Amino acid sequence: MVAALTVGTRVLALVILGIGAIVGLAMAVAGAGQAFGVHGWIVLIYCLVIAWRVMLQLDAPEPSPSRLRSYYDDPIKMGVVLTMAWAIVGMGFGVWVAYLLAYPDLRYDAAWTGFGRLRPVHTTGIIFGFGGTALITTSFHVMQRTSRARLAGEFTPWFVLLGYQLFVILAISGYLMGINQSKEYAEAEWYADLWLLVVWITYFTLYIRTLARRAEPHIYVANWYYLSFILIVGVLHIFNNVALPVSWSGSRSYILWSGVQDAMMQWWYGHNAVAFFLTSGFLGMLYYYLPKRAARPIYSYRLSILSFWGITFFYVWVGSHHLHYTALPQWVQTLGMTFSIMLLVPSWATAANALLTLNGAWHKVRDDATLRFMMVAAIFYGMATFEGSFLAIRGVNALSHYTDWTIAHVHVGTLGWNAILIFGAIYALVPVIWRRERMWSPRLVEWHFWLAVAGTVIYVFSMWNSGILQGLMWRTYNDAGTLQYSFIDTVMAMHPYYMGRAVGGTIYMIGMLIGCVNIWMTIRKAPEAGYLRDMPKTPAGDADDRRVPAE
Amino acid sequence: MDVSHDTLVVIAKTVGLFLLIAMFLAAVVYAFWPSKKAKFDRAARSVLDDEDGPCR
Ligand code: HEM
Ligand code: HEM
């Protein structure tokens, strides 16, 4: 992969990595003896390892200029592998945390084995590690194909992909050492946040520059979704993380907002992380891979545009439904609730658009597990948004909030929609990128599909039961007018459902591991498709030399 | 600057309402503009066969 870069790019990479290594060393020295110093060492080692990799091939011959006429897929290949690696980490910790809740004794004395430190490793590892890497990877694929243009630049894609990995590594290693700014889904501290900002702005400009080179007149709708994801997550990230560090040599910082403003900012961020990270970006994925795999254009392109504006516009108002019955003014809560209900319209329009695309091609869904992954994802998307709009109603939220019902809703969305869609997209993507006829074993894809669906259903039903039972027990009064159940009664009642969840999660994880094997074997063993498909052709079928770009 | 709750409510019920309606109409008009249909149809089909160039 390094050999495919020009010598100039290799040197540039070494310079940037050198700067990174110096910053890391400075952090390690300034923060010696604290967790901040450990982060310095991590930065240093990360940069040195990549630099060593570049060094190994520094003297390789210059790549041929004809490569500039084809798509640039090397970062996508790396991205697929990293996505699956994060799936193992994120789900591994998820399963661990699930067993820990069922058996609270399942830990050592070390502080890092506590629930409070392991849980954010699961959420960050899975959302930002697995989900984020999948979004970046697929966006590199989608932006090139829909624009019929090569990625703008050969250095920036690597900077974005690998820089983002460093952010996630800093975040989760920090939680294990106790570095946490106590904002859900934004737990990372100030220096990691600043680094993510640099990476994110680079990502945005890379996207825009690639679109600017496009050969297609119209920007395909999937790109709109990806772009709104990048843009709005950037804005949210800035506002929710304006913090003043206590010193340059420590991790602690204080956020600028205080009290209820801080809470509102946090959940404006928190919900839009759901909206633009876990929904908008993933809809971009859906709008590309589903029509492509089904070989049918999207049912209604117009509807996709309308729902785009509906989703982007409504979502930014709904964060306050996380703060029902709090110090937040009542009217702000009502506002969030109202917009949450309206949000159901564009959400279901989108799910319907996806399913209607498949109408008339159900035989393909039956035969092709990859397409079935995407169809099931669209169904779970419809379920998660319906449930979400329902939970946002203040009276319903009074029952569901703080209970496992929220956890059920979360995992309908994340297991059923996000992760299953990622698997579908990856199974569609891997043979194309590695130029294989198909996945190594279609039967294993089939197995993965059924394990994923079974795991999701077991997980979600356990948590629905647990959540509603828990909520009802908390509000049951006896004849004397006092609470019927003590808190520990409700905890004991949860145990069987926690076991169910752990089993469902394990099944889901096994499916994912089968997927990893299949992807690995596809890369190593599957029969090659004997053609280079993305080379431009003249009508006569010869390579077209006129289109060498100026870069 | 202190904005009272009443002021906000008035703004929300007047400007806010019409702003939302206007934005909604703008999106509908854009999506359903007749001459755009051909362009959208083409875009919807364009993803089906994008592995062989032209690539620039
Ligand atoms: C192997 C599958 C998985 C298992 C066993 C699992 C398990 C868990 C557990 C035990 C919790 C903590 C619940 C609590 O605090 O009571 C949790 C929370 C969470 N998980 Fe998972 N998880 C899995 C997959 C995923 C995936 C794929 C995603 C995202 C793409 C995800 C996102 C989340 C989020 C966002 C939360 C926090 C929910 C909240 O604070 O309300 N999980 N998970
Ligand atoms: C119309 C769409 C949706 C609406 C209106 C909605 C609404 C809600 C509501 C009301 C809550 C509970 C808040 C609380 O009681 O604290 C919630 C939690 C959550 N939802 Fe949704 N939801 C929607 C779609 C989704 C989707 C598609 C996902 C994707 C994975 C998702 C992920 C989450 C997560 C992660 C949480 C937990 C937040 C926390 O940590 O407390 N939601 N949502």
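Here, residue 1 is simply the first one shown, and the rest follow in order.
Using the three backbone atoms N, Cα and C, a Cβ is placed for every residue, glycine included.
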Additional site residue, A:His237, A:His271 [criterion: listed by TrEMBL with A:His321, A:His322 for Cu cation]: A:His271
Residues among the binding-site residues A:His122, A:His271, A:His321, A:His322, A:His411 that border ligand 2 - Cβ under 6 angstroms, in sequence order: A:His321, A:His322
In the chain carrying A:His271 (Cu cation binding site), residues 6 or more apart in sequence that have Cβ under 8 angstroms from it: A:Tyr315, A:Val318, A:Gly319, A:His321, A:His322
Candidate ranges A:12-32, A:38-58, A:155-178, A:373-395 - greatest C-beta contact count to the transmembrane segment (A:79-101) (under 8 angstroms): A:155-178
Candidate with the highest Cβ count within 10 Å, taken from the binding-site residues A:His321, A:His322, A:His409: A:His321
Per-residue pLDDT averaged over the domain 'Cytochrome oxidase subunit I profile' (A:33-551), given as an integer: 93
Distance [Cα-Cα, Å, rounded] between A:His122 (heme b 1; low-spin binding site) and A:His409 (heme b 2; high-spin binding site): 17
Site with most surrounding Cβ atoms, counting all protein chains shown within 10 Å, from the binding-site residues A:His122, A:His411: A:His411
DSSP-derived structure type at A:His409 (heme b 2; high-spin binding site), helix or strand or else coil: helix
